[in-house]
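S.K.: For reference, the structure I am asking about is given below.
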Amino acid sequence: MPSNKSVSDAPITQFINCRILRDNELQREDLWVREGRILDPEKLFFDEQGYADKRVDCGGSIIAPGFIDVQINGGYGIDFSQASEDVSDGVSFVAKKILEHGVTSFCPTLVTSPPEVYHKVLPQVKVHDGGPHGAGVLGFHLEGPFISAEKKGAHPEKYLRTFKSGGLEHLMEVYGSLDDVAIVTLAPELPGSQSVVRELSQRGITVSLGHSAADLSQAEEAVQQGASFITHLFNAMLPFHHRDPGIVGLLTSDRIPAGRVVYYGMIADGIHTNPAALRIAHRAHPSGLVLVTDAITAMGLPPGRHTLGQQVIEIQGLHAYVAGTKTLSGSIATMDMCVRHFKQVSGCSVQEALEAASLHPAQLLGISPKKGKLDYGSDADLVLLDEGLNVKATYISGEEETGPPVPLYMIDMSGF
Amino acid sequence: MRLVILDDYDLASEWAAKYIRNRIVQFKPSADRFFTLGLPTGSTPYGCYQKLIEYYRHGDISFKYVKTFNMDEYVGLPRAHPESYHSYMWNNFFKHIDIDPANAHILDGNAQNLEEECQAYEQKIAEAGGIELFVGGIGPDGHIAFNEPGSSLVSRTRVKTLAKDTIVANARFFGNDLSKVPTMALTVGVGTVMDAKEVMILITGAHKAFALYKAIEEGVNHMWTVSAFQQHPRTIFVCDEDATLELRVKTVKYFKGLMHVHNKLVDPVLSIKDQ
């Protein structure tokens, strides 16, 4: 009698012979799952006199919470910023594929685009749980168009915007709807941005600073208004200067409101940031580091020319450039590659590397401990990794809106 | 009594674990005939539990047809508290073996009616056919379970208020804050343990030496409740050298001389693989 009918007769899975990431360390413990959540086995034993229906031998693997990618523009030929009729299909396609990289939740990212694109794309994709169909969508990340012309990077200049009077209304006109938006990246030096930052934060939307030429005090002002993230630190912002560290200075600023943390995205693909710079950021503020892929359409595709937003880019090896230039246009690294690279160049522990891809993004979005942790009651989104942090299997569970609870669904990487 | 003296804590833990293993394997428990085992908590039996888990992992023993009855539990401590005896048993034993949760009995210190809980526990032991082997420890004040000095030697399962010695001894598990240590506990009585077919007491460490001396070299006395087992037909005391420091040289020599006899109980060590 594995489960007590008066509590639940759903099947119980016990992962044995594994090391789990819990309480900021790797513990040699079994992991128990029922109805898509991590189960407390001691309560099961004493309260329900229950035990496992099914045991999964992990062969000594590490089990971490599923990775969360808060900046991903597409992949496998799909470009989220393309205004098409079947955006939802494209997002689902990528959602399915990134499970192979250990990503169980993500924020589909739209680069600077004209209003028509936002009006067409945003309504087609809702926030939803992951499952056998793919990783869960946590909401869009809207990167632009309210960014600095000087720091546009690969974003198309003609669609950049400033805040007209009535900041938030103007933003709503451009985007159309904020219902399924999780993050907005903007440049805080734009006039009128401070009230926008405040109002977006109050609506529960994460405000991120990026593609900006702001100085440190402008950035600090934005943080005080509610901004909590920095989009790909170092890239598309003023470089660190010892008399005005700019946005980078937020990592060690003493004007962050008490109890709040400023998180910062890092593309740890070995290309966007010099390893020494990555180490400086990590050592200055380790608990804020959030690994992002900033992956573009071409991720997962062979070398050549592909479309991103309204522009064309070119793949050369591991680099992706705006076609005809040497401007980086995004990365084609996968999240698990970023985790491995980050650990290798920073010399951090396995636990820190894994938390940068799971716990920290969950904390950033305010969805911890439901996501990003393996606490009792947390969602059972899991990634099994070997010693070298290669993905061996991804487990994802969730509930379909109209159906019965979905049993634990596994993607086996043993063939990769 | 048998007084089994091993050189150190690890050897004493191993001897005790082998003895329990042999008793269970020899008993050949089945669905119609469970082996009932009384169990202690604390630092003394920890090594013994580790060995039993090891034997289970190697496939030499199974707890599928074993029923366990723990000696005691704090009153009023949440069951999930890391220092509750439920937590101790889960983390140090139950979660590592194949015991059926329905067969693992521990007194509920948060029961609505503590007296009824105690009576029900005695009932459960009787329904299980009594305890085949009760494993216990000894407190520095000579108590068995929480039968503090002054407890009746024919007592049954009941609520007890803890003695100062015991509270002080337990403070180390509560951040050395005396105010955080529970002051009451539910415990099996001296009489309850005396009813078992066989009793094995584990005693290790110099700080237990005086209690051991009082328990076996002086008379039966309700101030040193372990002394009651002088009147049990089958008691084994398993100790390390340090625990014998207050005994007479004559006593220690006599029982050390009997080790070749005692060791027949654990050598050969039996396994279900051979059955």
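Glycine too: its Cβ is placed from the backbone N, Cα and C atoms.
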S.K.: Besides A:ALA154, A:ASN235, A:ALA236, A:ARG243, A:LEU328, A:SER329, A:GLY330, which of A:HIS119, A:HIS128, A:HIS272, A:HIS360 does TrEMBL list for that substrate site?
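M.R.: Same substrate site in TrEMBL: A:HIS272.
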S.K.: Do you know which of A:HIS133, A:HIS211, A:HIS242 TrEMBL groups with A:GLU143, A:HIS232 in the Zn(2+) site?
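M.R.: Within the candidate list, TrEMBL flags A:HIS211.
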S.K.: Given the recorded positions A:ALA154, A:ARG243, A:HIS272, A:ASP294, A:LEU328, A:SER329, which lie close to A:HIS232 (Zn(2+) binding site), meaning Cα to Cα within 10 A?
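M.R.: Within 10 Å Cα-Cα: A:HIS272, A:ASP294.
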S.K.: How far is it from A:ALA236 (substrate binding site) to A:ASP294 (active site, proton donor/acceptor), counting Cα to Cα, in Å?
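M.R.: So the alpha carbons of A:ALA236 (substrate binding site) and A:ASP294 (active site, proton donor/acceptor) sit roughly 13 Å from each other.
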S.K.: Compare the C-alpha of A:GLY330 (substrate binding site) with the C-alpha of each of the recorded positions A:GLU143, A:HIS211, A:ASP294, and give the closest one.
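M.R.: Looking at Cα distances from A:GLY330 (substrate binding site), the smallest one goes to A:ASP294.
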S.K.: Specify all same-chain residues, apart from the site residues A:GLU143, A:HIS211, A:HIS232, whose Cβ lies within 8 angstroms of the center of the Cβ atoms of the Zn(2+) site, ordered by sequence.
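M.R.: My list of surrounding residues reads A:GLN71, A:GLY144, A:ILE147, A:GLY153, A:HIS155, A:THR185, A:SER208, A:GLY210, A:THR231, A:ASN235, A:ALA236, A:ASP294.
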S.K.: Give me the Cα-Cα distance between A:HIS272 (substrate binding site) and A:ASP294 (active site, proton donor/acceptor), rounded to a whole Å.
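M.R.: Distance (Cα to Cα, whole Å): 10 Å.
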S.K.: Out of these binding-site residues, A:ALA236, A:LEU328, which one has the fewest other C-beta atoms within 10 Å of its own C-beta?
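M.R.: Ranked by other Cβ atoms within 10 Å, the binding-site residues A:ALA236, A:LEU328 bottom out at A:LEU328.
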